[in-house]
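J.: To start, I am sharing the structure in question, which I have written as structure tokens.
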Amino acid sequence: EEKPQPSELHSQPEDNRDSADVSDGNWEGSIEAPSCSDSVRINKDPVADKVCQESKKLHSCSECGKTFKLKWDLLRHRRIHTGEKPYSCSVCNASFTWKHILVQHMRTHKTPFSCSVCGQSFKSRSHLTVHMGGHTGKKPHSCSFCEATFKNKFTLTEHIRTHTGEKPYSSEHMRTHSGEKPHRCSICDKAFTLKTSLIKHVKVHSEERPFRCSVCNAAFKYKSNLTKHARSHTGEKPFCCSLCGQSFSYSSYLIVHMRGHTGEKPFSCSVCDKAFTLKTNLIKHVKVHSEERPFRCSVCDAAFKCKSNLTKHARSHTGEKPFSCSVCEQSFRYSSNLTIHMRGHTGEKPFSCSVCEATFNRKLRLMRHMRTHTRQSC
């Protein structure tokens, strides 16, 4: 009986043939190869042998040695080494290495998931689900240690660590010492220690301002900025000084205020070691060590190191007095003069003598008074 030829064993209907030709030695593993346990192995078909060998061949990266079953996976992997970013955003022209990262990025330009209660929109369904818990009060995630319940799984995970003592972020903390910044912006190449910082930074490159004030229609890139802005309408001052009870709209204001109590001056001049409470004051001070005076008066040609000094000087020509007393309506050229004037109405005397505890509304008067103690000691 005549045996069939090997080519007949592999023959298949014309409409079922794959476009890849495995007999020419260019097999890339893009289609499923016949198993080596098939009958073709028994008949020692040389074509089938070649298919089996090629299907087992791993594609190796010449840079790092990592291997892949499919050549396409190797080509995708090589983008890590070459920096190739073939996927571009049609809105802001940002480019990405992987398609799924582009898909995620595109969500920053739209918020398709809307809350049916308050109308707020979200980039993902999971974020909307978490948000809806704020309306329903539903807390489906329960702690197995103390039965506390939470709206989202992330908060539960954080809570459980109070029971287990787990501290998973030690590596992130160490980056503050090592200076390592593994999270890099694909647009401007700026690097960050934390991934959350990178996510926040990326919004700088977008003109989208999805968070809008319901009172004045001002728009913001970050929800936190909208929350802060809203206090300008409500007058809310949630940050309270534990020493004097004074309240502030922003935590940064409270931090600066507390330095008045503690005497902390964290910003030091590298030239003369003088220290300041505010960074802006240090920047202004550094100009003292420079002879440069770039701000020049257009009337008398006087020059100044700081723009604010030029602005104050200009009032000597214009006669402008923009600072008015709310009690007697007297006006002043400088805010410092108004501050001193107001003490006459309030009776405030913030400058105290360290010898006899006499108080004064001006520092100059305290200095004059101190001389009376100097003369007495002589």
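Heads up, the Cβ atoms here are built off N, Cα and C, so glycines get one too.
The compositional bias 'Basic and acidic residues' annotation in TrEMBL covers 1-20. Sequence annotations record features per position, and here TrEMBL assigns domain 'C2H2-type' to 59-86, 87-109, 113-140, 141-168, 183-210, 211-238, 239-266, 267-294, 295-322, 323-350, 351-378. Under the heading region 'Disordered', TrEMBL lists 1-35.
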J.: Is it the case that the domain 'C2H2-type' (183-210) and the domain 'C2H2-type' (87-109) have 3 or more CB pairs under 8 Å, with pairs at least 6 apart in sequence?
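T.: Yes; at least 3 Cβ pairs under 8 Å.
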J.: Who are the long-range neighbours of the domain 'C2H2-type' (323-350) in its own chain, taking Cβ under 8 Å and residues 6 or more past its ends?
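T.: For the domain 'C2H2-type' (323-350), the nonlocal Cβ contacts are 312, 315-316, 359-362.
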J.: Mind checking which residues reach the domain 'C2H2-type' (239-266)? Cβ under 8 Å, same chain, six or more beyond either end.
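T.: Answer is 228, 231-232, 275-278.
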J.: Under 8 Å between C-beta atoms and at least six residues away from its ends: which parts of the chain pack against the domain 'C2H2-type' (87-109)?
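T.: That would be 76, 79-80, 123-124, 186-187, 202-203, 205-208.
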J.: For the domain 'C2H2-type' (323-350), what is the mean per-residue pLDDT, to the nearest integer?
T.: 91
